[in-house]
There are 2 protein chains.
Amino acid sequence: MAEFDLIDRIRARAVVRDDVVLGIGDDGAVLQVPPGRQLVVATDTLNSGVHFPVDTAPADIGWKALAVNLSDLAAMGAEPAWCTLSLSLPEPDEQWLDGFLDGFGELATLHGLALVGGDTTRGPLSISVTLHGLVEPGRALRRDAAKAGDDVWVTGTLGDAAAALALLQERHTPALAMVCEAGPMLPAAAGQESAARALHEQLQARLDRPVPRVAIGRTLQGIAHAAIDLSDGLLSDLGHICAASGLGAEVDLDALPASAALRDAFQPPRRHALQAIGGDDYELCFTAPPKMAGRIETIAADAGVPITRIGRIVPGDRVRALQPDGQDWVPPRTGYTHFQD
Amino acid sequence: MAEFDLIDRIRARAVVRDDVVLGIGDDGAVLQVPPGRQLVVATDTLNSGVHFPVDTAPADIGWKALAVNLSDLAAMGAEPAWCTLSLSLPEPDEQWLDGFLDGFGELATLHGLALVGGDTTRGPLSISVTLHGLVEPGRALRRDAAKAGDDVWVTGTLGDAAAALALLQERHTPALAMVCEAGPMLPAAAGQESAARALHEQLQARLDRPVPRVAIGRTLQGIAHAAIDLSDGLLSDLGHICAASGLGAEVDLDALPASAALRDAFQPPRRHALQAIGGDDYELCFTAPPKMAGRIETIAADAGVPITRIGRIVPGDRVRALQPDGQDWVPPRTGYTHFQD
């Protein structure tokens, strides 16, 4: 592995920031945290075949490796500043690396994020990113600060990434496809192939290129009580807020926001399953007192991103998903398997 | 993968520090950098079968994953503060994890280092650590600050880890063993088995449990001009100082410090090769003006670790290893292969 060639390629494309005293190329980076700011650190690893399908385009892997970490910072209400990248590659591959850095760099540039260090090693394809952000003291959004009576909100729409993954798995797994016969699928009648393809591409883009809600996370400081980003699935992740806050939650299934593509491709109950327990959304879920509803609607309008009230924080320790008739919804046991751990 | 069980196990054993505002268990950690300090960040990944033999004990892997990063901080002259850990495991394995955390935690405790976050994922065994340290502004040791006329120094002794790896590879590779017949080997005469075993264990300990020179790195502030930690091999790593500083270096082969075990096990020219181009030493190599020799000797005496002058920085752009007769030494092409990238 020509580690130093790879590092040179990476360095040539890094964003420049004044607060980077010493960047890539030494044993460590030296960084100047501005006075009056706390440091927020998040780290996530993506492994080939576990966190993304093995045939994912390198640029999409680069984008996603950064996006999942930016999503963590967004959920903390932090402003992205610097990151390190550890890249394990089976063999040196300049073309792959250039593609990867295209996607990684595109998102880093959008957020003014400087790559300040890392290492490249030989090994099964794996990408580990550690992201550093800044936050005003005491203003970070936490999981443990929900209050009974809070509304529960989510940004964007839910279930698209899980839908794309389900379609991918069904294409490759005839047995699974049979299970899926139970629910309506993509429009497959004659003449509808192109519509089906367009639908699939819209869903796939949400799996490959999640958009971290960094700006929204920043504006939620002082408005949201608790926040988390949705990576494992809504009910599971909301459960972490509840566990940390010592409370329960009720979620209205019918209120879960769905994209037009998801509505076209999947009807309930499969759609509800994709939205409630599918993963890889990388949207924010947060709680806020009801009096903040107006300000949250303004934030949504300013950002051009829907933010939807989907339930409420209640006493107790359960996360309940409720059907329109008030009955508890029981997640189906089959249909797709979650790709990510 | 029961990610949250693993994280709970990790959290239960983390060092506690007052400057950790929010540790493991949220989307990110919140950390308070003290006023008047800059942040130093280093990251390194270890992959099974690449950076350590697949049969390495979990506790040794845990120790080493942290040690290689602490060694980077040492080379920056920084004080360790916080770290994150990304762990990919083929399957959840509590026994393995406990062993890993024993070694990791032992070294973290020695340095008052708090584990503040990370993630556990399913994948081929891989450990990625990002380490955060603190340094007084402008006092970090860099690679690009060597001056012509500086002495070149190394801490500890060189070549033990590479010797252990060579012995390991020779045991597993008959073809390599044949190559090695050229140089004297372990004492293998009748009655000497136990001596050979003791020797091997001493060398192996240097491969499995490198001791990062953190305290020495701290005291070199204001004394050393440039510094690097030795991971790829002396001549290669000193080459990075020279390239960054726009200078050359001369190294006196006979001056390279060797442990008693290495002297017993390997005679020149193999010993010289292990010391000059073998990797995994995790000692510090630094340059300093000749007038600092007395202070460096005091640091060595205080630390109880030898620090040896091995050469000098010269104009030019080559790193030359010199034999006692002043002739250039040419590294042998065979004998062992470097395990690490």
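Cβ coordinates are placed from backbone N, Cα and C, and glycine is handled just like the others.
Computed from a predicted structure; not experimentally measured.
DSSP assigns A:T43 (Mg(2+) 1 binding site) to a strand segment in the three-state reduction. Sequence annotations record features per position, and here TrEMBL assigns Mg(2+) 1 binding site to A:T43, A:D44, A:D119.
As annotated by TrEMBL, substrate binding site applies to A:H51, A:D280, A:Y336. In this view, A:D280 (substrate binding site) is surrounded by 25 other Cβ atoms within 10 Å of its Cβ, with every protein chain counted.
Per TrEMBL, Mg(2+) 5 binding site is recorded for A:D232.
The domain 'PurM-like N-terminal' annotation in TrEMBL covers A:25-135.
The domain 'PurM-like C-terminal' annotation in TrEMBL covers A:147-320.
Proximity to A:D232 (Mg(2+) 5 binding site), judged by a C-alpha distance within 10 Å, picks out A:D280 from the binding-site residues A:T43, A:D44, A:H51, A:D119, A:D280. Taken as a whole, the domain 'PurM-like N-terminal' (A:25-135) shows an average pLDDT of 94 in this prediction. For the pair A:D44 (Mg(2+) 1 binding site) and A:H51 (substrate binding site), the Cα-Cα distance reads 11 Å. Between the binding-site residues A:D44, A:D119, A:D232, A:D44 has the most other Cβ atoms inside 10 Å of its own Cβ, all protein chains included. For A:T43 (Mg(2+) 1 binding site), the number of other Cβ atoms no farther than 10 Å from its own Cβ, over all displayed protein chains, is 28.
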